[in-house]
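Asker: The transmembrane segment annotation in TrEMBL covers 21-39, 51-74, 80-99, 106-127, 139-161, 173-194, 214-231, 251-273, 302-328, 373-397, 409-430, 436-456 (among others).
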Amino acid sequence: MHQKHHDGPQRNELEKSVVPMQAWALAVGAIIGWGCFILPGTRFLPLSGPVASLIGLGVGAVALCIVALCYGVMIKAYPVAGGAFAYAFVSLGRVAAVICGWGLALSYSCVIALNATAILLLTRFLLPGAFEVGYLYSVAGWDIYTGEVILISLVILFFAFMNYRGNSCANNLQLTLSVSLSIGVVALAAGSGINETASIHNLEPYFNEMHSGFISIITVVALAPFLYQGFDTIPQTAEEFNFDHDKSTRLMLISILCGCALYSLVLFAVSIIRPYPELLAAEYPWLTGAVANMAFGKIGGLILAVPVLAGIFSGMNGYFIATTRILFSMGRGKFIPSWFEKISPKHQTPVNAISFVLGFSLLAPWFGRQVLVWLTDTCALSAALSYFFTCFAAYRFVSQYPEQVNLPFAKSVTILGSLISMASFLLLAIPGSPAVISRESWMLLAVWCVLGFILYKKRAAELNAIPIRDLQFMLLGNNTRPLLFKVSD
């Protein structure tokens, strides 16, 4: 464990061991999870159509690339753990940092839990009844079984152990999973595309005939904060980069484009093999799984299991890493108990943050998947809000320190990124929007906000008593990295 000192408090720091390929794998694995394999049959084709969905995925990727450019500005200026949480602090102060950090903690943790329960969807498809033993109860229509609870708990414990063992274990695992995921998706698309029944005419109608082409496209674009959430795991680990931080922008852009390509390939595989209206009318429990069986025969499900499991596991591992870093950073800044900043002397990992995420994740199988879906729907809101904080911070930085920024049209890019982030938030929040979250999701979000408010009120006196320069040191590593708001204490 490395500690940095100044005239005030001590500051724990994480080991610098992450290489570029590991950072790429972290982001791609976090972007692509179970949703990549379920959304073609539940959202993309029924609500938009194949071509509208492909356009929407592309537009969403371009929009998030603009946001990623803003992240790149901030990573170079503030190469610390915490990502948007730290950027919210430097641009707007304590309260904004609390709001952003608390939202990200929920967002990242829920993705771990949702990916964990996705394993059960796969086992119920490939091995029906194998783990559905020891019925306990039902929650919102989802049956809870002892066998499935044990299975998920073991998987979560495995990823917690790998993260505890150190960056080398967790990041090498992430690289293996992300490469396996990419190869598996390409194989699925190839198998479907060369099938004797495959035809470009199977993509007709290109757009949903129930509404306009614009609505068909914007329905997918509105999901972009959720679809591409994961590129922002790179800023979470910026403190651990063992390479020039200038490369981080390129890595984020590549990861978003790779994510777009993988989403598009799975959508292509599902919609090219047969006329997609017929596939939807057949009401398959899992359309992508049914298409894999059409493309590869009886072993299709097993072939598909490789990229699906790789996507699920890489999502769990990627967000395990990201969640522990946001909690570590918040603990180091005293926004939450300093217990969270403890680092293992042997493995150089945030051991207490890992333990907390482990405990939270182990609750997931007891609540059922539907409750987690409602909770995870709020994650896109948290993501859009964190994007706004980052883009606004980047705008302030390029306005105050233009000589330190080498991004062309930097101020225009940061303004556009802020507008994209706010538009994404409003599309998810305004009633009547094609992407508005459900009433149940709003209720769960309200509970989380109340919990956050209670926690903040309990710590407000202690937090506000810390001199702003000490907070600057604890969050940013030194006092030369500037604060972008007026300091009064």
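Heads up, the Cβ atoms here are built off N, Cα and C, so glycines get one too.
Curation plays no part in TrEMBL annotations; they are all automatic predictions.
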Asker: Can you tell me which of 21-39, 139-161, 173-194, 373-397, 409-430 gets the most C-beta pairs within less than 8 Å of the transmembrane segment (214-231)?
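Answerer: Looking at each of 21-39, 139-161, 173-194, 373-397, 409-430 in turn, the most contacts to the transmembrane segment (214-231) are made by 21-39.
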Asker: Let me spell it out: take the transmembrane segment (139-161), skip the flanking residues so only those 6+ beyond its ends count, and list any with a Cβ under 8 Å from a Cβ in it.
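Answerer: Same-chain contacts beyond the flanks: 112, 116-117, 119-120, 123, 130-133, 313, 316-317, 320, 354-355, 357-358, 361-362, 364-371.
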Asker: Any residues 6+ beyond the ends of the transmembrane segment (80-99) with a Cβ under 8 Å from its own?
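Answerer: Cβ under 8 Å, 6 or more out: 14, 71, 74, 232, 235-240, 322, 325-326, 328-330, 332-333, 335, 385-387, 389-390, 392-394, 396-397, 452, 456, 463-464, 471, 475-477, 481-485.
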Asker: Honestly, do the transmembrane segment (373-397) and the transmembrane segment (251-273) touch, with at least three Cβ pairs under 8 Å and pairs 6 or more apart in sequence?
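Answerer: The transmembrane segment (251-273) and the transmembrane segment (373-397): touching, no.
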Asker: Counting Cβ pairs closer than 8 Å, which of 51-74, 251-273, 302-328, 409-430 has the most of them with the transmembrane segment (436-456)?
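Answerer: Of the candidates 51-74, 251-273, 302-328, 409-430, 409-430 scores highest.
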Asker: If we call contact 3 or more Cβ pairs under 8 Å (sequence gap 6 or more), are the transmembrane segment (106-127) and the transmembrane segment (21-39) touching?
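Answerer: Contact between the transmembrane segment (106-127) and the transmembrane segment (21-39): present.
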Asker: Under a Cβ pair cut-off of under 8 Å, which of the recorded stretches 51-74, 173-194, 251-273, 302-328 contacts the transmembrane segment (21-39) most often?
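Answerer: By Cβ pairs under 8 Å, 302-328 leads among 51-74, 173-194, 251-273, 302-328.
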Asker: With pairs restricted to those 6 or more apart in sequence, evaluate whether the transmembrane segment (302-328) and the transmembrane segment (51-74) have 3+ C-beta pairs under 8 Å.
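Answerer: In this chain the transmembrane segment (302-328) does not contact the transmembrane segment (51-74) - fewer than 3 Cβ pairs sit under 8 Å.
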Asker: Are there at least 3 C-beta pairs under 8 angstroms linking the transmembrane segment (173-194) and the transmembrane segment (409-430), leaving out pairs fewer than 6 apart in sequence?
Answerer: no
